[in-house]
Structures are given as structure tokens and as C-alpha cells.
Amino acid sequence: MGKNVVVLGTQWGDEGKGKIVDLLTEQAAAVVRYQGGHNAGHTLVIDGEKTVLHLIPSGILREGVQCLIGNGVVLAPDALLREITKLEEKGVPVRERLRISPSCPLILSYHVALDQAREKARGEAKIGTTGRGIGPAYEDKVARRGLRVGDLFHRERFAAKLGELLDYHNFVLQHYYKEPAIDFQKTLDEAMEYAELLKPMMADVAATLHDLRKHGKDIMFEGAQGSLLDIDHGTYPYVTSSNTTAGGTATGSGFGPLYLDYVLGITKAYTTRVGSGPFPTELFDDVGAYLAKRGHEFGATTGRARRCGWFDAVILRRAIEINSISGLCLTKLDVLDGLDVVRLCVGYRNADGDVLEAPTDADSYIGLQPVYEEMPGWSESTVGAKTLEELPANARAYIKRVEELVGAPIDIISTGPDRNETIILRHPFA
């Protein structure tokens with residue numbers, strides 16, 4: 001009997017999911033992306049060689065692992081084809097192992113133009129999107145006007161829908177944002193070129209998953225971004241446009257929730273965030289700079305510097321509840337090496353002095369101050385440790401306190417970027 005495991009982020013993204021998915025896929029028959037788009041950036045380091053993936057599931061570097069892109073992913077054909085080419089140049093076979101749902105909404109040039117025009121118009125109040133068209137593509141999907149991958153293979157139907165879409169979006173671009181219109185013929189010609197290249201990779205992803213399940217195969221579902229960026233459960237409106245939480249697994253792949261056996265939540269030993277939005281434990285001092293430098297905190301997709309702060313047990317407790325987390329993976333523990341004192345946020349205090357749990361919208365964070373516990377740090381290195389006993393006593397105490405504060409076990413500890421620099425206390429597929 002196979003096991004079906006979800007791996008997702010429990011903070012604001014960038015928790016180190018790519019490495020863990022790559023590590024665990026040694027046992028998986030297939031890896032599935034079920035939401036998001038090429039706004040994700042999953043970094044893998046294998047024997048010192050770094051690979052960044054945006055759309056292709058992180059199992060692609062494991063020989064024989066099937067990689068699936070489910071219907072919940074918004075797909076930019078140009079970005080996907082560039083990613084395939086880069087991997088193939090490294091000798092990684094992709095096309096025969098990658099399968100894409102024809103129900104994936106397409107991201108085309110007008111989505112990118114709209115995304116960037118909106119952020120430009122917002123000025124200082126911008127959301128902090130990647131500018132890659134993710135939000136506008138999801139809007140078209142929900143408005144039931146979007147083009148999907150399957151439409152690419154019906155030229156006349158595609159052209160008719162594209163014409164209607166460009167009439168609508170070009171009106172907004174030209175008359176509201178004062179930006180140039182997107183050319184119909186150029187967009188159509190590019191799309192038809194994509195169609196020829198994508199057609200061999202089309203498949204009914206839901207049917208593929210259920211066939212694997214019936215044959216007792218292990219399946220991994222790879223989340224993108226983080227739980228606090230979820231369109232419904234995140235710090236709205238500073239969120240992404242998809243469901244980044246465990247519920248998105250079913251809707252974004254066609255694999256029912258009762259088939260899932262284990263949900264692994266990835267969390268950093270501290271907290272980071274890219275772009276705008278509330279961040280109660282954010283640091284603006286030397287410690288924040290230390291975390292950013294030691295943790296190489298720059299976005300894999302945009303290159304933007306990440307905001308850094310202390311570990312926040314409040315947001316993690318919320319993420320554990322909404323995802324029904326089975327166990328946690330604590331990443332980047334080694335970044336805390338060398339600090340005299342480490343802090344953990346255990347609650348938020350408002351102006352009345354009351355200690356609160358995590359709010360559900362951005363405005364409710366205004367005026368909240370973090371309540372901290374302090375613990376002694378450690379001077380010894382944790383880099384590359386492969387057993388719990390190899391860790392300094394204070395690091396072990398920190399791990400134990402995190403478990404106590406959030407009410408979930410830490411099953412995996414990452415002690416470096418390479419897939420081998422990991423302590424596995426309980427294997428999700430065991």
C-alpha cells in the first residue's frame with residue numbers, strides 16, 4: 001500500500017521545500033505541483049551543484065520519478081519551456097517524465113502586462129507580486145473567461161477566445177493604466193508554437209494519480225509559496241492568488257483529501273518574508289542583517305532581499321491547524337549558529353495589553369507587538385549534522401521548545417543546503 005505525502009510551507013514561503021521534496025522523492029514514484037505558477041522558486045543543492053526550479057516539480061532530479069503539473073497550476077508556456085531547456089542542457093531528461101494537465105490556466109503576455117501595470121499604479125501601496133502574471137491568470141480562471149492549456153490544440157477556438165480576452169484586457173491596459181496594447185497576432189502565433197512543443201506532455205493528471213494509487217505507489221504533493229500567503233487563510237490582501245494550504249492539494253490535482261496520509265510542514269528556524277505585508281517579528285538591527293547574510297536570504301525567483309525576523313510560534317500554530325500538519329521539518333537551523341541569544345515569539349500583545357493569536361487579515365496586525373521568550377544560543381556549528389546527538393545541547397533545547405510551543409513534532413531537521421545535510425527522525429513515507 002503506497003503513501004501519499006504533502007509537503008508545504010508553513011510561513012510566508014521560502015522555507016526550503018525544494019530540498020526536502022528532492023530528498024524525500026528517493027522513495028516516491030511521482031511528484032505533483034498542484035498550485036501556483038512560476039512565481040515559486042525551489043532551490044536544490046546536490047553534491048554542491050545548485051538548481052532552481054519554478055514550475056517543474058522538484059522530483060525531476062531523481063531518475064525515474066514521474067513529474068506532474070496539476071490543474072491548479074497557472075502555466076506560462078514560455079517559462080516552462082525555458083526551464084525544460086536548461087535542465088536538458090545539464091543532461092536531465094524532462095519531456096518523457098513530465099506530464100501537464102490540459103486544465104491548467106495559461107499565463108500569456110497580457111497577464112504579465114496587467115500584473116506589472118497594477119503594481120506600478122499602486123506605488124508605495126503595492127502588494128509585492130513577482131510581476132509574472134500569476135494573479136491576473138487566476139482572475140481570468142475564476143471569471144470563467146481564461147484560456148487553458150487544452151485550448152492550445154484547437155486553433156480556431158483559441159483564436160476566438162483570445163480575441164475576446166484582448167478586447168477586454170487591452171481596454172483596461174490602454175484606458176486605465178495608460179499602457180500599450182498587446183498584439184493579437186503576435187500572441188496567437190507564439191501560442192501556436194507553444195502548442196506543438198507542449199502537446200506530447202499533455203495527460204489526464206488526476207487519472208494518472210489514481211492509477212498510481214491503485215498500484216500502491218508512493219506519491220508526493222509539492223506545495224509552492226507558504227500557508228500565510230494563502231488567498232483565503234493568509235495575511236490578506238498581501239497574499240498570493242491560490243490556495244497554498246493542504247486543501248489546495250485536492251482541488252489542484254483531482255486527488256481527494258481522504259487519500260492523503262501525511263502532511264509535512266516546512267518551517268525555518270527563524271522567519272522571512274518577501275515583499276509587503278505584516279511581519280510582527282521582523283528585525284531591523286544587526287541580528288536581522290546576520291540572519292539575511294548567513295541564510296543567503298534572496299528570492300530564488302526575483303532576487304529580492306527577504307525580510308528576516310525571529311521564529312514566530314503564533315503563525316506556525318495557525319498553519320498547523322489549517323493544514324492538519326502531521327509533522328514538521330525545521331530548516332536552516334545552522335543559520336542561528338553563533339548567536340548568543342535566540343528569541344521565539346509566543347504571542348502578540350495589543351494596545352490593551354491582551355495577548356492574542358494570529359489574525360486573519362493584514363489590518364488586524366496593526367499595533368500588535370511580539371511577546372518573546374529568550375533562550376541561550378550556541379557557538380558550535382550545526383552544519384552537516386546527521387543525528388540529533390551531533391547537535392549542541394542548546395540547539396536541541398531550542399528544537400524541543402519549538403515543538404512545545406506549536407504542539408507538533410519535528411520529524412526532520414535540515415542542517416545545510418545539500419540533500420545529505422539532514423536529520424530524519426521520522427520518515428513521512430515510513
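From the backbone N, Cα and C atoms, a Cβ is placed for every residue, glycine too.
Asp14 (active site, proton acceptor) falls within neither a helix nor a strand when secondary structure is assigned with DSSP, and so counts as coil. Around Asp14 (active site, proton acceptor), taking its Cβ as the centre, 29 other Cβ atoms fall within 10 Å, counting all chains. The active site, proton acceptor annotation in Swiss-Prot covers Asp14 and is backed by sequence analysis.
For His42 (active site, proton donor), the Cβ neighbour count at a 10 Å cut-off comes to 25, with all displayed protein chains included. Among the features that Swiss-Prot reports, active site, proton donor is placed at His42, with the record citing sequence analysis.
In the three-state DSSP scheme, His42 (active site, proton donor) is classed as strand. The GTP binding site feature in Swiss-Prot is assigned to 13-19, 41-43, Arg306, 332-334, 414-416; the stated evidence is sequence analysis.
Annotation source Swiss-Prot lists IMP binding site at Asp14, Glu15, Gly16, Lys17, Asn39, Ala40, Gly41, His42, Thr130, Arg144, Gln225, Thr240, Arg304, citing sequence analysis. Around the Cβ of Gly41 (IMP binding site), the number of neighbouring Cβ atoms within 10 Å comes to 20.
If you look up Swiss-Prot, you'll see Asp14, Gly41 marked as Mg(2+) binding site, on the strength of sequence analysis.
Around the Cβ of Arg304 (IMP binding site), the number of neighbouring Cβ atoms within 10 Å comes to 13. Annotation source Swiss-Prot lists substrate binding site at Ala300, Thr301, Thr302, Gly303, Arg304, Ala305, Arg306.
Within the same chain, residues at least six positions away from Thr415 (GTP binding site) with a Cβ under 8 Å of its Cβ are Leu333, Asp334, Thr382, Val383, Gly384, Ala385, Lys386, Leu391, Glu421, Thr422, Ile423.
The two recorded residues, Gly303 (substrate binding site) and Gly13 (GTP binding site), show a Cα separation of 14 Å. The sparsest Cβ neighbourhood within 10 Å, among the listed binding-site residues (Gly13, Gly16, Gly303), is found at Gly303.
Here the candidates are the recorded positions Asp14, Gly16, Lys19, Ala305, and by Cα distance the one nearest Asn39 (IMP binding site) turns out to be Asp14. Checked against Ala305 (substrate binding site), the recorded positions Asp14, Gly16, Gly41, Thr43, Gln225 differ in C-alpha distance, with Asp14 being the nearest.
Summary: among the binding-site residues (Lys19, Arg306), the fewest other C-beta atoms within 10 A of the C-beta are counted at Arg306.
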